[in-house]
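As recorded in Swiss-Prot:
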| type | residues | note |
| --- | --- | --- |
| REGION | 92-469 | region 'Disordered' |
| COMPBIAS | 115-124 | compositional bias 'Basic and acidic residues' |
| COMPBIAS | 140-154 | compositional bias 'Basic and acidic residues' |
| COMPBIAS | 155-172 | compositional bias 'Basic residues' |
| COMPBIAS | 194-209 | compositional bias 'Basic and acidic residues' |
| MOD_RES | SER229 | phosphoserine |
| MOD_RES | SER231 | phosphoserine |
| COMPBIAS | 233-246 | compositional bias 'Basic and acidic residues' |
| MOD_RES | SER239 | phosphoserine |
| COMPBIAS | 313-363 | compositional bias 'Basic and acidic residues' |
| MOD_RES | SER366 | phosphoserine |
| MOD_RES | SER367 | phosphoserine |
| MOD_RES | SER391 | phosphoserine |
| MOD_RES | SER392 | phosphoserine |
| MOD_RES | SER395 | phosphoserine |
| COMPBIAS | 419-469 | compositional bias 'Basic and acidic residues' |
| MOD_RES | SER450 | phosphoserine |
| REGION | 466-548 | region 'Interaction with DPF3/BAF45C isoform 2' |
| REGION | 558-669 | region 'Disordered' |
| COMPBIAS | 561-584 | compositional bias 'Basic and acidic residues' |
| MOD_RES | THR609 | phosphothreonine |
| COMPBIAS | 609-621 | compositional bias 'Acidic residues' |
| COMPBIAS | 622-636 | compositional bias 'Basic and acidic residues' |
| MOD_RES | SER628 | phosphoserine |
| MOD_RES | SER629 | phosphoserine |
| COMPBIAS | 646-655 | compositional bias 'Basic and acidic residues' |
Amino acid sequence: MPHAFKPGDLVFAKMKGYPHWPARIDDIADGAVKPPPNKYPIFFFGTHETAFLGPKDLFPYDKCKDKYGKPNKRKGFNEGLWEIQNNPHASYSAPLPVSSSDSEAPEADLGGGSDADKEKEARRVMTVTAVTTTATSGRTESDSDSDKNSDHSGLKRKTPVLKMSVSKRARKASSDLDQASVSPSEEDSESPSESEKTSDQDFTPEKKTIARAPRRAPLGGRKKKKVPSASDSDSRADSDGAKEEPVVTAQPSPSSSSSSSSSSASDSDVSIKKPPRGRKPAEKPPPKPRGRRSKPERPPSTSSSDSDSDSGEVDRISEWKRRDEERRRELEARRRREQEEELRRLREQEREEKERRKERAERGGSSGEELEDEEPVKKRSRKARGRGTPSSSDSEPEGELGKEGKKLAKKSQLQGSESARKPGQKEKRGRPDEKPRARPVKVERTRKRSEGLSLDRKGEKKKEPSVEERLQKLHSEIKFALKVDNPDVRRCLSALEELGTLQVTSQILQKNTDVVATLKKIRRYKANKDVMAKAAEVYTRLKSRVLGPKVEALQKVNKAGAEKERADGEKVEEQPGEQAPRELAEDEPSTDRSAPVNGEAASQKGENTEDGAQEDGQDLEDGPRGGSSEELHDSPQDSSDPARPGNEHQDHERMQLASESADDDDEDS
């Protein structure tokens, strides 16, 4: 069951991102923001921040002292443990009722009041500022990461009453406000009192903490209207050193003090708002606040020492930042110097390369020894670069320029020595210099020849592989050689011979039927008998390759009796012309019945059309199509078993083919 708490109870409060913090259940001041239901206003010791938390996040101090009361690294936590034990009523927000004497005290001070009052108020301000510096330095450094989670955790400030006083006091005459703003500035600048010195010392570290913890600004709470009141209270405490009450009420968190002290020019605005805050509590006479005011005076020495130590830490941090900035500047300067040096070196190298190219162009053929001389120069330049890079980062640019000048001098000396060697070498060589110039020409010629041969070989290799291409090429050559206007017999004979040597398959002939047709036509080329004979020979070769070797043997055997059986063969030619398939003969009548071939009369061509059509039909069946289906399939069977009774018709067809070939040979002869 959650514990019921009362105002003034000491507890450990748990907020997101923070350990169980020593805190106190606070009173709700008149006019202050009321907490939501089931939540208590909490005052955190050490940091002096306020928040609204539920009972589940609150743990009694006495019961949980051993569990949560252990020292922690978080700055402000150990101070909170000390405060909850030694000063449980500590508070920056002074109670609202203040006596008239207290409210009139700041006005008396502005007009030059008693010295005793000034000293008392100065001591109070010292204690307040000391605690603020400790809180700011601790909370900003340790909780910079956890602040993002706790930005919206519900921290509030107890300064709404002071805001109302500002609105009431805003009607005061401008002359009084100007006097109030001028008097504290003059006191801070001219009076050498110890209280003012301490206030200045406390004010400077607050300014320095701004650079460290600008992120703490949103931690102050959800209401941004109260931030200027906190800044006014801090600057007022540092400038006047005489108004402790308004400073206490308006000091809600270290974040507000750090953000408010960022601008030193806000002193004038602070002085304008001082009198309204001093007079607002004058309406409420109860003298209770004095008892609480005396309590913060107990540990003034410790708070002042803490403020001094914090200011020293801030000074150290600022020194470290300055050193870091100086180092960064030095590094940037070194980088710039190195970049400039690299650019200079690159430019020098480019110039040297250009000079070397010019020298090489002038020298011409004799470049062997020059390359040998250039290699040590490159090595030296590389060594010089290796030496120059580490020294450039440490040495000044003037020393670097001096080193670069030395390098250039060395390079110029080396170039001078090379130029001095050249005339001696030329004198020694004399005429032999001309010979190496002539040699490259011969080498180039040999290279060109070898390249030409290699190209020819490549061309031959490309032509060799494809048989179809050669067949088509020879076909075109034969057609071109047997033109009517200018026939070239030798070229035609050579092409026919090459065509006979080609290893042609039946598939290739089926694709290229035009070749077979032209060979048939050339067999009747009467302008030259050699062409006719060669064409007939090539035609028979192709036919034998397609039909098989046994057909050739039968033809040779039957050649002897071909002359005797001419008459019978002519009669029999009509029968196979009717029986044999005439598909190819019908497909190619146009080729045989086309215009007369070279030197052949139309009448002669017409006489031979009937016989030629039959012969061509059978030949085409045998040649490109591999013969008729019956002949091709039955020929191996006939050779294996010629005595079979069913093969008489096939034997008769073979005899006819043999007789036809014999007749063709006789006609050609």
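Every residue, even glycine, has its Cβ placed from backbone N, Cα and C.
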Secondary structure tally of the region 'Interaction with DPF3/BAF45C isoform 2' (466-548) (DSSP, helix then strand then coil): 63 helix, 0 strand, 20 coil
DSSP helix/strand/coil residue counts for the compositional bias 'Basic and acidic residues' (313-363): 51 helix, 0 strand, 0 coil
Segment confidence, the region 'Interaction with DPF3/BAF45C isoform 2' (466-548), expressed as mean pLDDT: 84
